[in-house]
Amino acid sequence: MAVAPAGGQHAPALEALLGAGALRLLDSSQIVIISTAPDVGAPQVPTGPAAPPAGPRDPDVLLFATPQAPRPAPSAPRPALGRPPVKRRLDLETDHQYLAGSSGPFRGRGRHPGKGVKSPGEKSRYETSLNLTTKRFLELLSHSADGVVDLNWAAEVLKVQKRRIYDITNVLEGIQLIAKKSKNHIQWLGSRTMVGIGQRLEGLTQDLQQLQESEQQLDHLMHICTTQLQLLSEDSDIQRLAYVTCQDLRSIADPAEQMVIVIKAPPETQLQAVDSAETFQISLKSKQGPIDVFLCPEESAEGISPGRTSYQETSGEDRNADSGTAGPPPSPPSTSPTLDPSQSLLGLEQEAVLPRIGNLRAPMEEDRLSPLVAADSLLEHVKEDFSGLLPGEFISLSPPHEAVDYHFGLEEGEGIRDLFDCDFGDLTPLDF
C-alpha cells in the first residue's frame, strides 16, 4: 500500500481514517490524494486507475483507491500457513469512476462496396460444386473406349483439384460402379452389372403377372363366399333350414320307436345331458371345430331297397331273438320339404350298414386265424384248382430257399431268363 509521505497537510487526516478503519484496503492497494491547493512539500504521486471514494469526502480533498469486489464473510478462520496469494476481480463497468465518454451512436462497419460484385474470371458456387464435377467426370468415362480413365488427365481436363476427383472415385468404387486398375487409373464397371438384366426383368414380370392372377382368383373366391354367407344369413327360406328342430325329427319317425343318432364331434367336446321323465336333452359344445350329427331312422318294409332285402331276410331271426323289447313295425315316415337336405345325406348304403339297436348290442364274434403255411403247399393247391386251364404244370420262377441267401446279379449281356434254371422255350403261349 502506497501512502503519501508524512509532512503533507493531508497526511494526518489520512492516517486518522486508516486508524479508525473507515477504509478497507489491501496491501497492494494504491491511494491517490488529489487536493485543490498544491502541496509543495509533498512529492507528486503517480495517478493510476481510480474508484469511488471509500471514506468521508472533503470538498478540498478527494481520495481514490483501486476498486475491490465485496468479499464474502469467512466461514471459518484459515490456518496461518504463510501469506496467501491475493485474488482480485475488477468489475470496471459498475465500480470504476472513470467512464469513457460517449463518442456518439455505435455504427457497424460498412459493407465493402466491391464485395458483392464478382470479378469476371471468378467461378460461381455451382460451377465448383461436387455435383457438377461428378457429372463431368461421368461424361469422361462415357467417352472412354474401354472405360479406363487416368485421374491425372481427368483433373487437368476438368480443371479441378485431384482430391475432388478422389472424392468422386471413392463413392463410385463403394457402390461397385468403378474399379481401380492401377494407382491413378480406374475402369467403369456399370456395363457389367447390366448383363442379364433383361432376363431378370422378364422373369420378374412373369412372376408379378402370376401373383396378380392369383390375387384376382382369391378375390373372386372371397366374393363368392361372402355372397353365400349373406344368402345363408339373410334369406328367410334358407334360415328355417339352418337348424333341425324337434318337430322335424317327429315328422321323420314315430316318437315311440327307437332312433339312432350318430354324433361326430372333435376332441374336448363338452356334453351335457338332461334326463327327465318326459324329455331327454343333450347339449354339445365344442371350440375345436364343427359337430356333425346324423340321424339313422328305421324304415318300413315297403321302403326297403333291393340292396337291403337280402340283409333283412338273413338277419330276421336274429332280430326276433333280441331282448323282446321291439315294438310294432314303424309307420312310414312322413316326408317334409324342410328335411330334404338331411335325408339326402342318408344314402341307402349307410342305412344298410347300420342294423337295429339289438344287433349292435350283440357280442362280436372273434375270427380265428389259421397259421401261415409254406408257399409250396399253397402252390400244390393252386395246381389242383387250375389243372384244367394250363397244359403243363406250374414252373416255380424263384429258386428254392437256401440256408445262405445271396444277391442276384446280371451281366450286361444277360436278361431276366438267366435268373431261373429253366427253359422257357418249351412253354406254350397263353390264349385268352
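Glycine residues also receive a Cβ, built from the backbone N, Cα and C atoms like all the rest.
Swiss-Prot lists 39-85, 98-126, 297-342 with the feature region 'Disordered'. According to Swiss-Prot, the region 'Cyclin A:CDK2 binding' annotation covers 65-106. If you look up Swiss-Prot, you'll see 87-189 marked as region 'Interaction with BIRC2/c-IAP1'. Annotation source Swiss-Prot lists DNA-binding region at 108-192. The region 'Leucine-zipper' annotation in Swiss-Prot covers 151-172, and the record cites similarity to another entry as its basis. Summarising the annotation, Swiss-Prot assigns motif 'DEF box' to 156-192 and lists similarity to another entry as the type of evidence. Under the heading region 'Required for interaction with TRIM28', Swiss-Prot lists 190-377. Annotation source Swiss-Prot lists region 'Dimerization' at 193-282. Feature annotation from Swiss-Prot assigns region 'Transactivation' to 363-432; the stated evidence is similarity to another entry. Annotated region 'RB1 binding' per Swiss-Prot: 404-421, in sequence order. Here Swiss-Prot flags T428 as phosphothreonine, drawing on similarity to another entry.
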Item to complete: State the residues, same chain only, that lie 6 or more residues beyond the ends of the region 'Leucine-zipper' (151-172) and have a CB under 8 A from a CB inside it; answer 'none' if no residue qualifies.
Response: 128, 130, 133-134, 136-137, 140, 178, 180, 184-186
Item to complete: Over the span of the region 'Leucine-zipper' (151-172), count residues by DSSP class, listing helix, strand and coil in order.
Response: 19 helix, 0 strand, 3 coil
Worksheet entry | Residues in the region 'Dimerization' (193-282) grouped by DSSP into helix, strand and remaining coil | 50 helix, 14 strand, 26 coil
